[in-house]
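So the structure is just underneath, and the comments pick up after that.
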Amino acid sequence: MTDSLVRATAAKGGIRLVAVSTTESTKEAKERHSLSYLTSAIVGRAMSASLLLASSMKVNHGRVTLRISSNGPLKGLTIDAGRDGSVRGYVGDPSLELDLIKNKSNHYTFDFKKATGIGYLHVIRDDGKGEPHNSTVELINGGIGEDIASYLLHSEQTPSAVFVGERINQDGIVCSGGLLAQILPKAERDYSLIDLLEDRCKEINSFSELLNKKGNNLISLIEEIFPDLDQSPSDIISTSQEVRFKCRCSRERSLSALKILGKDELQKMIKEDGKAELTCQFCKNVYLVKEDELISLID
């Protein structure tokens, strides 16, 4: 089953809803980076959030980079997501595992706050025109959802509800995904609609349980959470696209990166090793560059 993203409008166009499933993408990230249960959850949540943000980019080649820099044992996180549904990412310490903690609902959950520690969430939007737009906010709790909502409120002045979650058991990743709900400008003074949206969001005790219940049926997930935004499910207008873990690295890019090192550094590689080996941080692909290729980079 492939991952997907659904964009929808409801309440006669007054609310923007985006839902995404990242189960398979998270599984691939786990395999490529040998992620622990904890870091699988964090990466899955961050990939979901990044795709939700990228979904609003106006150009198909637009991209969003989400980065956490903090003092926690996670040692940072970087996710790159595209409007086209591609996503990739990595964490500083992929093997990190911490004791579970009880949440407000008395359920055991991952200790995201301890993992990330105190620090910042950086969001970079790049539409390919001029300099990318950078925003930074303080981390709220490291669980990604509230952190992204804080970013949207303070950096984009857009009141939003952001939910991310996952279900992981001893057999691995069962599900991973997210949901974004925003009041659009045409309805920003419709206080009854705003109150309704807030009430529905407050009723969500465990987004992860809802996600597990609905699987990849994202429209059904939206209808389960917001049953009274419209008179009937058909009033929700939606479009869907495929989501996948996809890295933009290539042999050509690796050679270009080596060339930037300069003649002296390349000659040192040739003399000491007779080759170069480059590993992509995002996907762990390894590119072996032989001596004759290094020589050609100098010429």
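Note: Cβ is positioned from N, Cα and C throughout, glycine not excepted.
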- Item | Cysteine paired with C249, where Swiss-Prot records a disulfide bond, from C201, C247 | C247
- Item | Distance, C280 (disulfide bond) to C249 (disulfide bond) (CA atoms, angstrom) | 7
- Where C283 (disulfide bond) falls in three-state DSSP terms: coil
